[in-house]
Amino acid sequence: MNDSRNRGRKVTRKAGPPEAGQENHLDTPVFQAPDASSNQSAVKAETAGNDNRDAAQGAQGSQDSQGSQNAQGSQNRESGNNNRNRSNNNRRGGRGRRGSGNANEGANNNSGNQNRQGGNRGNRGGGRRNVVKSMQGADLTQRLPEPPKAPANGLRIYALGGISEIGRNMTVFEYNNRLLIVDCGVLFPSSGEPGVDLILPDFGPIEDHLHRVDALVVTHGHEDHIGAIPWLLKLRNDIPILASRFTLALIAAKCKEHRQRPKLIEVNEQSNEDRGPFNIRFWAVNHSIPDCLGLAIKTPAGLVIHTGDIKLDQTPPDGRPTDLPALSRFGDEGVDLMLCDSTNATTPGVSGSEADVAPTLKRLVGDAKQRVILASFASNVYRVQAAVDAAVASNRKVAFNGRSMIRNMEIAEKLGYLKAPRGTIISMDDASRMAPHKVMLITTGTQGEPMAALSRMARREHRQITVRDGDLIILSSSLVPGNEEAVFGVINMLAQIGATVVTGRDAKVHTSGHGYSGELLFLYNAARPKNAMPVHGEWRHLRANKELAISTGVNRDNVVLAQNGVVVDMVNGRAQVVGQIPVGNLYVDGVTMGDIDADILADRTSLGEGGLISITAVIDNRTGRLLERPTVQTSGFSEDAKSMMGEVTELSETTMNDLAAEGENDPYRMVQQLRRKLSRFVEQKWKRQPVIMPTVIPMTAETTHIGDDEVRASRESL
């Protein structure tokens, strides 16, 4: 995303006033239990919704993977919110932000598909019962209502993103009506979300309560932990943000793109901060980015440990290992609840050290005869430092490519996290003019992103660099699930050119920033928590993490498996699931946030996969009879299919004549019948499911010439 595009984006609706009836009760809890009457009404509505639910509504990726059925009500939940590896029939539903329901859009929108889901009702769940699976302990069948009133002197915890998925991390802690937020990141869209730039946490449940937020604490500077901060600040711009030096620098740069000046407060591993009822102590954590912090959050309800993203690298490049002694001291104090990184809980053993990568890079770069291009995550300063050291040892200059890489390395060099001899780092323009064996390029594009620098090089579309036979390409990163096709596509294009591509499968050019199961056991044994809540992972990771906690002595009933929106209350030293709030996705699309829902994504997918058929029929407004033959236009069809569109025209004409013979002259009902018949015909004939867009225009028999304005006006009226 370029700078101008970022600056142009805006929040479509700012934080609104308190809920109706609460104007004079600003200290009411964020969530309250519905009264009995509203509960009964909600149950009835839910039952009706289940009876009429579209089959696709029941698909929820993560729970399907566990063999459990989805018990969510179609009226207030979105499908497939828990698994990144989803098909087009198992897409996440978006949460609308327009404050009004759109359940009837499928019927009222003349251009919509006939059998689409409806049901996004805005961010508030007022009075509705949100039925989901309970993920507490081994119980996967209990249905959860909306949570009751927050317990007095109890700690409430819920995630608005980042649990049951990897990305858009955001966890809220609530004590006595005050809120503390930990992290605020983004998730990047999958192929099932066309046209979406970013996916944000759902701010809806706290949007009207942001005045109660005492601070936003950020564990580290990765996009899935800081990327949504500018969007949150558009709802309240003075939230204090606590983070380490390097993390704050990345946040400041990101907010500058949005023309924001956030309230930034620097902390480190020795800091001890009081924010409202929350006492926050910090401890050093090792990850794949500098200055990571773990949290120890203390309230009268107890002590909570949040690991953030963590690994146990015993020989870290910066000499700053994860502070296990500090974690052990917290354990001596008594840890009531531990939120632990689950990303690599399914991988046995321990992860490798970043120090193990440096010798491999030095050898590969030293042996290379032509240009070397290394692709890495733009925030992995340690990896970039190892690459720069390898280039210096081989008498090569280094150039950074990719906007995020250039920005992050400028920050890292300015703050002293990246070190290179004077004159080593040069511009891309200078690099393009040098002999290939004298240059090393460090670029973005490890995941095959179409517009990333490495992908453009592979397609030979890069403005400054042309990859040649004999060049060495090092992919120094992990392969994110779901990106395999894109990454292998880039590798194949580079191989076709004649370049040599080295990945983590070929040599030790990458190590994970997340601890394996053996490292998580160390964490649990050091902290000795009474309760555990796995976070930062998909369901397979969360369940594996649960078993690790149990193996170290945590009572099975005290391990809480939650997904986004599940509310956990910690009272008297026991953490329990008490309900769930509606949490969906906020999509950033162009200049807006949140105006996309499941229907829009379904339309975009149908357009991309099935094409478009547009039918315009002009009828006598009294008799309903056609005044001229229907006009059919198509988009996205092959020439062979277009040649058969005469059949579509004939069917349209027959359908309209039959309806008129039955006395039908209502354009809306005619549109519905026409769409239904054409959809069935096209699917049977060509095995396609295009967007069918019929338009029926009522006119007097004397007026048969129809202009574009009349067609447009008729579509809008329908």
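Cβ coordinates are placed from backbone N, Cα and C, and glycine is handled just like the others.
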Residue among HIS209, HIS211, HIS287 sharing the Zn(2+) 1 site, where Swiss-Prot lists HIS220, HIS222, ASP309 as binders: HIS287
Candidate sharing the Zn(2+) 2 site with ASP224, HIS225, ASP309 (per Swiss-Prot), from HIS510, HIS536: HIS536
Beyond the site residues HIS220, HIS222, HIS287, ASP309: chain residues whose C-beta lies within 8 Å of the centroid, for Zn(2+) 1: THR219, GLY221, HIS225, VAL285, SER288, ILE289, CYS292, GLY308, GLY513
Sparsest-packed among the binding-site residues, when each Cβ's other Cβ atoms within 10 Å are tallied, from THR511, SER512: SER512
Rounded inter-Cα distance in Å - ASP309 (Zn(2+) 1 binding site), HIS514 (substrate binding site): 6
Cα-to-Cα gap, HIS220 (Zn(2+) 1 binding site) vs HIS514 (substrate binding site), nearest whole Å: 13
Those residues of the chain, 6+ apart, with a Cβ under 8 Å from that of HIS225 (Zn(2+) 2 binding site): ASN169, ASP183, CYS184, GLY185, VAL218, THR219, GLY308, ASP309
Site with most surrounding Cβ atoms, counting all protein chains shown within 10 Å, from the binding-site residues HIS222, HIS287, HIS514: HIS287
